[in-house]
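In Swiss-Prot this protein carries:
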- 60-72: compositional bias 'Basic residues' (COMPBIAS)
- 86-101: compositional bias 'Basic residues' (COMPBIAS)
- CYS269-CYS278: disulfide bond (DISULFID)
- CYS347-CYS353: disulfide bond (DISULFID)
- CYS478-CYS591: disulfide bond (DISULFID)
- CYS526-CYS550: disulfide bond (DISULFID)
- CYS528-CYS545: disulfide bond (DISULFID)
- CYS721-CYS742: disulfide bond (DISULFID)
- CYS858-CYS923: disulfide bond (DISULFID)
- CYS877-CYS887: disulfide bond (DISULFID)
- CYS1068-CYS1080: disulfide bond (DISULFID)
- CYS1110-CYS1185: disulfide bond (DISULFID)
- CYS1115-CYS1189: disulfide bond (DISULFID)
- CYS1137-CYS1179: disulfide bond (DISULFID)
- 84-114: region 'Binding to the viral RNA' (REGION)
- 61-99: motif 'Nuclear localization signal' (MOTIF)
- 693-713: transmembrane segment (TRANSMEM)
- 764-784: transmembrane segment (TRANSMEM)
- 796-816: transmembrane segment (TRANSMEM)
- 1225-1245: transmembrane segment (TRANSMEM)
Amino acid sequence: MEFIPTQTFYNRRYQPRPWTPRPTIQVIRPRPRPQRKAGQLAQLISAVNKLTMRAVPQQKPRKNRKNKKQKQKQQAPRNNMNQKKQPPKKKPAQKKKKPGRRERMCMKIENDCIFEVKHEGKVTGYACLVGDKVMKPAHVKGTIDNADLAKLAFKRSSKYDLECAQIPVHMKSDASKFTHEKPEGYYNWHHGAVQYSGGRFTIPTGAGKPGDSGRPIFDNKGRVVAIVLGGANEGARTALSVVTWNKDIVTKITPEGAEEWSLAIPVMCLLANTTFPCSQPPCAPCCYEKEPEKTLRMLEDNVMSPGYYQLLQASLTCSPRRQRRSIKDNFNVYKATRPYLAHCPDCGEGHSCHSPVALERIRNEATDGTLKIQVSLQIGIKTDDSHDWTKLRYMDNHMPADAERAGLLVRTSAPCTITGTMGHFILARCPKGETLTVGFTDGRKISHSCTHPFHHDPPVIGREKFHSRPQHGKELPCSTYVQSNAATAEEVEVHMPPDTPDRTLMSQQSGNVKITVNSQTVRYKCNCGDSNEGLTTTDKVINNCKVDQCHAAVTNHKKWQYNSPLVPRNVELGDRKGKIHIPFPLANVTCRGPKARNPTVTYGKNQVIMLLYPDHPTLLSYRNMGEEPNYQEEWVTHKKEVRLTVPTEGLEVTWGNNEPYKYWPQLSTNGTAHGHPHEIILYYYELYPTMTVVVVSVASFVLLSMVGVAVGMCMCARRRCITPYELTPGATVPFLLSLICCIRTAKAATYQEAAVYLWNEQQPLFWLQAIIPLAALIVLCNCLRLLPCCCKTLTFLAVMSVGAHTVSAYEHVTVIPNTVGVPYKTLVNRPGYSPMVLEMELLSVTLEPTLSLDYITCEYKTVIPSPYVKCLRYSECKDKSLPDYSCKVFTGVYPFMWGGAYCFCDTENTQLSEAHVEKSESCKTEFASAYRAHTASASGKLRVLYQGNNVTVSAYANGDHAVTVKDAKFIVGPMSSAWTPFDNKIVVYKGDVYNMDYPPFGAGRPGQFGDIQSRTPESEDVYANTQLVLQRPSAGTVHVPYSQAPSGFKYWLKERGASLQHTAPFGCQIATNPVRAMNCAVGNMPISIDIPDAAFTRVVDAPSLTDMSCEVPACTHSSDFGGAAIIKYAASKKGKCAVHSMTNAVTIREAEIEVEGNSQLQISFSTALASAEFRVQVCSTQVHCAAECHPPKDHIVNYPASHTTLGVQDISATAMSWVQKITGGVGLVVAVAALILIVVLCVSFSRH
């Protein structure tokens, strides 16, 4: 059956379908039951049906099939028959499945909203019109096949791999709508159904392919739910990499192993001014195995081409023999290389030599302690270039030789564990040590080794120093060298090796020198006669010459060699080089670390006593969660008891790899605020010792002063009374005056004489006179208590109660503390309506600064190319735009060193040394980013209890962004404090953030942070200042000595200290991606609420309460809802009422209760007051509650207070009662004394 092209059909242009033969009509009848008598009848009916119902045109296909079979047997094409029977050949192509309903619907919608992206005439992907944007995957190269869209200015987002631009006005009608609603189920795209489940889009494997990048995924309403970027093959199904939307926020879903689905564009390479696809090299040369030298020259010519590795792969795998062994293609590149000899400073017993196992580089960037060692031998490859895991090959003089891998060893202070080998590289886990040795045993059972000084101290993962991974523990972020032999982004340079001197090739024969080549190409030069130099591949005799006058070297230009600073460069080939990928890339992974035993914790008064049991050295750190964190840390190696003071703001303790422990103190004490004076003083002394001592001292001084004043006034009055009678002989003191002044009437006597007289003569009068002042004091105290002007309980409750959270309009504004996890209630009073209670709780608060990246810094790698060594030739350095590049020419080096200098010079040589710095291979994972931090934006998650429903919303706290909770509009912010824990300059390293005044870009200092700088981990622009200085080589062996400052990045890693996650004030939690501070308990959060009229309940519709009374049977202050109050009421009708405390210092747990008839309700409240007096409003009626609260029994709790904490505790009613009594008694004494003094003075003045 032939189909109309899809675009034509769905482009709304109708064309009649071509005629095709009608299908054969077959009547399918039910299978007859097996009956003995009806068997023949059933066969007859079946035969008749076949004869009458079968169509004639069906015979034609049988002939075609017959001809087809004959044609396959003959295998001789006939021109006439082939021309006529060409359509039957294409019949399998016509059997394509007809597009289903999903495909047809998608094609119809796609016809208007997607456009092809073309590059050099080929479709590489698609662009889609969605909403008011045209979207194209950023990895799709090319331009949109539309004149209007091609000229748009696109904005690129590398994070989402997307490019966007505004749709032209005249094309907005063609755009598709988008939606963030994605219920699990099936969706549609160009190739059929897409399943969405578990947050992932999947399709049957094979339904998508490269070239589909940019295609949209639609729901059943034709709305775009995602745009395809690529896919990851997972067996029977393929997981799609897509860009989608979640509540108007763009998100990218990338499954592991996803590949981009843009159509690959062939990369071109160059050969003799002729371009060709890099994946298809020409046949001259086309294969390394046929023409190795020419193939390597071709690769060197294209070493900087983007398709170099395609060309390398194609050149090395073009042989059929190698294709059959493609499972070992990762080792295939090593057939174009060879091992080599290089200088080793210690080959055993302190002697240096040219070793076959020379150490080139030791890398220790992995935080799990694994070492990556580069040596001069090659592991896993035999001398015939075949792969064998059990073998290694090394350079034996100038010929490679095989050895067993089992003889390979690595050791520091003790033998290491080799975890991976390939080519020049070894992975090993080693104990601590100061040297590193690599060795092997060759086929002759001779041991070779090389030792380098190297300080190895495995880093600490996490906060515990452990030696082996536990079976159970905590997964911690770390980095390691992945044990993968596949090609990676890391690479090394290789070049053509220099000629290798070999004196054994020459022998003296009767005054002549014979050169034996042994099937090699040998370069020779003799200083006897003329024309005694050149290349030879056959044995050659130099007449009339001596061996000492000749020099012979093996020339091999069929293999590359690692570009080592320990081996000279081939002078003839200059800077020609190649590149190969290396195994074992550094990657971020997780390492399982132990979790320290939980400490035994004992709580004291404002302190925590922790008994620690470390199994190995474990880090203990703690900080205050207030404005001054006072961060402290220490490594605990043995059992230890620590005492930590818990401040009012809370204490955060981190022990090992456990989650942090958080503690808050409670106002616990041994005394009570409702007892005797000494108990009250003890209560306040334990809570506030300094203030209590000051207050008691001042009060005692005042009282004693008052008593002293009273005594002084009495003495003055008595003296005024006695003086006139003492001066008059025989005077008699009046009775009333003698009674007031305590003197005898007839004869003035001292008080002591009067007291002695009464004690001896009239003891009842003595006691009566002593009781009179006490009785007067008691009477005066009772009078003072009955005075209406006396002060009631003086508490901070009266101050805090002013201005309860009420408002008389539907526009309500309130301010809540910026404390996460503490509910906050506000009451909305509107005239004519029943009060409404709103409960709000901050679930999280985020401060996200605006960052601008200055640069990234990481460990640098010093690149030392093989030096140029020439014989008495002039060499000149050339300027190169390389980071920290240094070049020097040294003359007169390596005197009389033929073999060492690889040079035909018997006097002196000239060496050109070069060096520069570049980013280490570890920079892709191990780097620190230097940011400038600007104004921070605040946002938060808010839980709102509104109309009986708990709703969680996210809002920006900027005073402008509005969120809707049902039918109410909430506007949060701006925050009362613009505080942020981040300085103007911050450094981000993995998941840690540090405040640091780093040097600006281009001004780094050697050995410090920023000594090497780059804009991004992938960028090529690198600035470096490492104090790299080349030094003169010493005699003995070819080398490039230099001096350089140590890596500033590695030094910073050791000295960086604690991150903001541990040192930030106000208990901030710091996170990255993006950089943000969460749940900082600082400042207040204003909230504006716009409540519609329909949300209120009229007073006539709400129940009214009467006869309300409140009783508090139990109350524990400073505890989480430790108070209980019983409110009795009489309700007019059944209904719901809002419950709210009219005092800030008291928080009620319940927000709404149901009332009915004469009943009572119990509410729980929390307060910090010892003597709480507050009013509770239920519906529109208020009731007064008074509670005498006792201190909590728990000293420390692991949750913050749910009530307003007062800076100074209130004074209880009992304490005020004692103050009134004591003050009243002393005041009465002073008043009586003053009255007596006044009367005496008046009488005294009247006489004069």
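Each residue's number is its place along the chain shown, starting with 1.
Glycine is no exception: its Cβ is also placed from the backbone N, Cα and C atoms.
Taking CA atoms as the reference points, CYS353 (disulfide bond) and CYS1068 (disulfide bond) are 59 Å apart. On the 0 to 100 pLDDT scale, the motif 'Nuclear localization signal' (61-99) averages 43 in this prediction.
CYS1110 (disulfide bond) and CYS721 (disulfide bond) have their C-alpha atoms 59 Å apart, to the nearest angstrom. Residue density at CYS923 (disulfide bond): 23 other Cβ atoms are found within 10 A of its Cβ, drawing on all protein chains shown.
Residue environment of CYS877 (disulfide bond) contains 13 other Cβ atoms, counted within 10 Å of its Cβ in all protein chains.
Nearest to CYS1068 (disulfide bond) in space, judged by Cα atoms and limited to the disulfide-bonded residues CYS478, CYS526, CYS545, CYS1115, CYS1189, is CYS478. When Cβ neighbours within 10 Å are tallied across all protein chains shown, the highest count among the disulfide-bonded residues CYS478, CYS526, CYS1080, CYS1110 belongs to CYS1080.
Distance from the CA of CYS1185 (disulfide bond) to the CA of CYS1137 (disulfide bond) is 18 Å. Other C-beta atoms found within 10 angstroms of the C-beta of CYS721 (disulfide bond) number 24, with every protein chain shown included. CYS591 (disulfide bond) falls within a strand segment according to DSSP. For CYS545 (disulfide bond), none of the disulfide-bonded residues have C-alpha atoms inside a 10 Å radius of its own C-alpha, out of CYS269, CYS591, CYS1179, CYS1189. According to its DSSP assignment, CYS923 (disulfide bond) is helical. Within 10 Å (C-alpha to C-alpha) of CYS1179 (disulfide bond) lies none of the disulfide-bonded residues CYS721, CYS877, CYS887, CYS923, CYS1115, CYS1185.
Look at CYS1110 (disulfide bond): DSSP puts it in a strand. For CYS550 (disulfide bond) paired with CYS1080 (disulfide bond), the C-alpha to C-alpha distance reads 82 Å. Counting only the Cα atoms, the space from CYS478 (disulfide bond) to CYS269 (disulfide bond) is about 40 angstrom. Look at the disulfide-bonded residues CYS278, CYS887, CYS1068, CYS1115, CYS1189 and count other Cβ atoms within 10 Å of each Cβ; CYS887 has the fewest. With CYS591 (disulfide bond) as the anchor, the candidate disulfide-bonded residues are CYS278, CYS721, CYS887, CYS923, CYS1115, and the one with the nearest CA is CYS923. When the alpha carbons of CYS877 (disulfide bond) and CYS1185 (disulfide bond) are compared, the span between them is 93 angstrom. The disulfide-bonded residues CYS269, CYS528, CYS591 differ in how many other CB atoms lie within 10 Å of their CB, and the one with the most is CYS269.
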